[in-house]
Amino acid sequence: MGNGSVKPKHAKHPDGHSGNLSNEALRSKVLELERELRRKDAELQEREYHLKELREQLAKQTVAIAELTEELQSKCIQLNKLQDVIHVQGGSPLQASPDKVPLDVHRKTSGLVSLHSRRGAKAGVSAEPTTRTYDLNKPPEFSFEKARVRKDSSEKKLITDALNKNQFLKRLDPQQIKDMVECMYGEKLSTGSYVIKQGEPGNHIFVLAEGRLEVFQGEKLLSSIPMWTTFGELAILYNCTRTASVKAITNVKTWALDREVFQNIMRRTAQARDEEYRNFLRSVSLLKNLPEDKLTKIIDCLEVEYYDKGDYIIREGEEGSTFFILAKGKVKVTQSTEGHDQPQLIKTLQKGEYFGEKALISDDVRSANIIAEENDVACLVIDRETFNQTVGTFDELQKYLEGYVATLNRDDEKRHAKRSMSSWKLSKALSLEMIQLKEKVARFSSTSPFQNLEIIATLGVGGFGRVELVKVKNENVAFAMKCIRKKHIVDTKQQEHVYSEKRILEELCSPFIVKLYRTFKDNKYVYMLLEACLGGELWSILRDRGSFDEPTSKFCVACVTEAFDYLHLLGIIYRDLKPENLILDADGYLKLVDFGFAKKIGSGQKTWTFCGTPEYVAPEVILNKGHDFSVDFWSLGILVYELLTGNPPFSGIDQMMTYNLILKGIEKMDFPRKITRRPEDLIRRLCRQNPTERLGNLKNGINDIKKHRWLNGFNWEGLKARSLPSPLRRELSGPIDHSYFDKYPPEKGVPPDEMSGWDKDF
């Protein structure tokens, strides 16, 4: 025998019951485990039920918080409006019912209005224009390669994650986020230093990488900023003053990006994408001859769809209405053939190639299979319905390209001349009056306008300066003089916008747009001598009434629609519609004023400068995607909402919150009861997130707005001929009656001279 271990034999119970005892013990253990399992199961069910209750409570609380937040925003707006009607000197008691405030309320108040008492008035904002011809200190041409800053992969990931957690930035394209990360640069600050100072102009966005930061408003501590959090993002959209301070409590490191680089990144990526898509479309035989504006609309309609290896994009024999362009990856084309059980490979398609184009003409029975050859294949797609609504049916486009449009235009001109002779006569009379007034003021000194003019009253104030009611000395001829501080224009880099306003207004002559007669300049100001419209501001009437009824709102919307129709035909986008920029003439007709953000663009082109009023800007402006005439249609929808309710639909406790509300969209928003079904439909169709889907931007243009059911039966010809009575007309005692305007204190201080010479051609 070996020395290995020997297994002992089991002892046998003398009565032979050892096996039975073992089985009993096992059975007992099983029963005990089953009881324990049932107990645990019951406990788990109880916890799941409790968790369900907690989730339901959380959902209710979330809804309640959202409702309270919305109510708080509404109360804030109402509070601002109430404060607006309390005058600084001897403030009169508030009216019990805003709906009963008479039209001539301004004749019954005499107190001065401080600048702060107009808090309810919405202010425009703007970044530096993308073309800065008149900025003598403009930066050199942007170079992405020069702007890049080296980082390791872990830093890039942490910065990327921080940017993607931000409510605004997470909506940007992945390529834009990637480029932002590449260009952010590191900054180290010692304890006690300020990353941001309250009251100073902002120009950077930051990500906290190391250390501890706290946020203060005055001396009050508001919060601390966690590591890898993004802050200061409003400053990369446009010029703004910081509303709080951010102080380093320890030594800190941040990653920063300035506004100039951010805006160049946004423009660069969007333009590169548009150019690539345009080249794709130019390669399609059905589309290559379309004009630029049609191609641009198709580009804006294209959506990206992704497929993994083996996915069928198209199946043979199916009906289809979608056209595809391969933007990334490879696909194979297979087709059933005689003598083979399985479809046979016909060819392989790569980036830039297209398929399904017949679907744009009519229902197409697919003649082959298109199958993704690899993961993450990307296709640009557009369906026939979208194509037809946006640019027209293929037959309509063919007629357009064959020259039928010239004949149609001639017929339209004849019909228009026959239908609108009264409005043509009115336009001729307006032009004659304008020429006569221009000849009168042409004799005035270009640098000393007040040798010939005297100031009667202040009509309005703003960050730019003031608007004064002036009259020709010894004559009963009045104008509105816009006095713009040159130093302010240079500080905010708005030279291009001021020149643009001058050039555009010099070109215009419409009964729905304020007229420019002459410009002047001296060492402190540039001046615009404008038509005096003394019926008052639409904003102040809306403020006093609370809201308008539907007939009044329709009249206002119709005036704006006619102004937009005129501007867009000339290739001009307005970009700053709001009640504050609508003024009443002596007949109660509305006119657009303040063309500081207006711009002339070519057919099919876009512009990139962030500008407008926060509550009215369109999503594509916020996201720096480039924008065109469709932003005016978006703002028209917002105006309809504000006229009917007294408040714009998107208004947060700060500008960034307002932008996030806009980006969430109007589609799921509940409308108040005072907006009936038809105006609600108009608003929703004007405020589509996708610009190509907006009413006014479809194939029939602005006529779709005029023919909308809410405006059905409106007297457009009477409006253009100014024979339609205005529901907003108020009596004026003469050409210098300014009683419908708030009263303002005199300007404090004298602005410094500004002698850089940017205004030499003004």
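Each Cβ is built from the backbone N, Cα and C atoms, and glycine gets one as well.
Same-chain residues at least 6 positions away in sequence with a Cβ under 8 Å from that of D576 (active site, proton acceptor) are, in sequence order, G124, D594, G596, F597, A598, C611, G612, T613, Y616, S635. In the three-state DSSP assignment, the secondary structure recorded for D576 (active site, proton acceptor) is coil. If you look up Swiss-Prot, you'll see D576 marked as active site, proton acceptor, on the strength of sequence analysis.
Among the features that Swiss-Prot reports, 3',5'-cyclic GMP 2 binding site is placed at K347, G356, E357, K358, A359, R366, S367, D412, R415, with the record citing similarity to another entry. Counting Cβ atoms from all protein chains shown, S367 (3',5'-cyclic GMP 2 binding site) has 14 others lying within 10 Å of its own Cβ.
According to Swiss-Prot, the domain 'Protein kinase' annotation covers 453-711.
When DSSP labels each residue, the domain 'AGC-kinase C-terminal' (712-762) comes out as 5 helix, 1 strand, 45 coil, counted as helix, strand and coil in that order. Feature annotation from Swiss-Prot assigns domain 'AGC-kinase C-terminal' to 712-762.
Feature annotation from Swiss-Prot assigns N-myristoyl glycine to G2; the stated evidence is similarity to another entry.
Swiss-Prot lists 1-26 (among others) with the feature region 'Disordered'.
According to Swiss-Prot, the region 'Disordered' annotation covers 118-138 (among others).
Sequence annotations record features per position, and here Swiss-Prot assigns region 'cGMP-binding, high affinity' to 168-283 (among others). According to DSSP, the secondary structure content of the region 'cGMP-binding, high affinity' (168-283) in residues is 41 helix, 43 strand, 32 coil.
Feature annotation from Swiss-Prot assigns region 'cGMP-binding, high affinity' to 286-416 (among others); the stated evidence is similarity to another entry.
The region 'Disordered' annotation in Swiss-Prot covers 740-762 (among others).
Per-residue pLDDT, averaged across the region 'cGMP-binding, high affinity' (286-416), gives 86. Mapped onto three states, the DSSP output places E357 (3',5'-cyclic GMP 2 binding site) in helix. In this structure, S367 (3',5'-cyclic GMP 2 binding site) belongs to neither helix nor strand by DSSP; it is coil. Local packing around the Cβ, expressed as the count of other Cβ atoms within 10 angstroms, is greatest for A359 among the binding-site residues K347, E357, A359.
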